[in-house]
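Swiss-Prot annotations:
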type	residues	note
BINDING	79-92, 286-298	NAD(+) binding site
BINDING	Arg100, Arg110, Arg139, Asp228	substrate binding site
SITE	Tyr146	site 'Important for catalysis'
SITE	Lys196	site 'Important for catalysis'
BINDING	Asp228, Asp252, Asp256	Mg(2+) binding site
Amino acid sequence: MNNNTYHIAILPGDGIGPEIMQQAYKILNTVKNKFKINIITTEYKVGGNALDLEGSPLPKDTIKNCEKSNAILFGAVGGPKWNNINETSRPEFGALLTLRKHFNLFINLRPIYLPIELINLSPLKPEIISQGLDMICIRELIGGIYFGKPQGKSGIRSQEHAFDTAIYHRFEIERIAHFAFKLAQKRRKHVTSIDKANVLHTSMLWRKVVSEVASNYPNVHLQHLYVDNASMQLIRNPSAFDVILCPNLFGDILSDECAEINGSIGILPSASLNEHNFGLYEPAGGSAPDIAGKNIANPIAQILSTALLFRYSLKLNHVAITIEKAVYKALTLGYRTQDIAYNKQKSVNTDDMGDIIASLIYKL
């Protein structure tokens, strides 16, 4: 029996967000009963839904209540309906990026795991993926070109132009590098740092600082790769990677490549953390408005993100392990949602997958 009370802010958002979040509720309720944990969940508006109802993609009440919680469980935001409004009011920018900055969520963590029994999910040849996958992509989340100033547009006709600024401070690189190396110490003790140090000054600083941080972890091997080479090596020999450390832009791109290697972005979870282990947990995929409301979305990424919440913010690793075991047990038993059902495999819907995984948690 755990006597602590944990408050989780639930932000379902737009598109498939609400329906995959319903499956996360099933997992939370199952965990509460199985492990006798006091979990209080409260739902708040975010994204396009909040913009339509309250005039902001991130209402002040949502931020205020997130500040009082132990963690945020996030669905998805955005969709075509809000694509043509002012960019700072668009759900992706006005909600998600603002939350990252507000809570100083500088660490983005995406585990890419595929046991040998499930290598048929990967689009790669069996001989390439024969050892399965077990790597983690660590992405610096609130620095780099997405947040650098100035940025904007100017000029008219042939002189029309746009500009962004890539900037990294030493402290931003140091703190994310320390996190990556500490994580690697608990795993296979290998960090691959991604940059473009043959061209970009930000990457030159990145490589220098990461190398300096590495000296504090003599038992961890450091490898530097240019981002273009890294994208090729991930296809050629993904099993060689352990912890991948990336600046914001490169991490954004490579982590999605990792998702496809894994079989589907619908099974890839994500955690965004600050130095106090407060985190926002969300599926790596988007709001998928084209399949919203059809009960065919894959809830596994949302469920595995819930597992990460227990591991990193609530420090209940045994709960996280149980959830993860239930997910991979369901997949090993042959249950598939439409996006990962191949060779005429019968697929189950969103609700059924949530029920199956919840029932397996009870049995483990």
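Backbone N, Cα and C define each Cβ position, glycine as well.
Quick caveat, the model's predicted, so the values are computed rather than measured.
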(Q) Sequence gap of 6 or more, Cβ distance under 8 Å: name the residues on the same chain that satisfy this around Glu87 (NAD(+) binding site), in order along the sequence. (A) Phe93
Q.
I need the CA-to-CA distance for Asp256 (Mg(2+) binding site) versus Arg110 (substrate binding site), whole Å please.
A. 10
Q: Can you figure out which of Arg100, Arg110, Lys196, Asp228 (the recorded positions) comes closest in space to Pro91 (NAD(+) binding site), comparing Cα atoms?
A: Arg100
Q.
Quick check on the binding-site residues Ala288, Ala292: which one has the highest count of other Cβ atoms within 10 Å of its Cβ?
A. Ala288
Q. What binding-site residues in the list Gly79, Asn83, Asp252, Ala292 lie within 10 angstroms of Asp228 (substrate binding site), counting C-alpha atoms?
A. none
Q: Within 10 Å of each Cβ, count the other Cβ atoms, then let me know which of the binding-site residues Asp228, Asp252, Asp256 comes out lowest.
A: Asp228
Q. Near Tyr146 (site 'Important for catalysis'), how many other Cβ atoms are within 10 Å of its Cβ?
A. 16
Q.
Between the Cα atoms of Gly79 (NAD(+) binding site) and Arg110 (substrate binding site), what distance do you get, rounded to the nearest Å?
A. 23
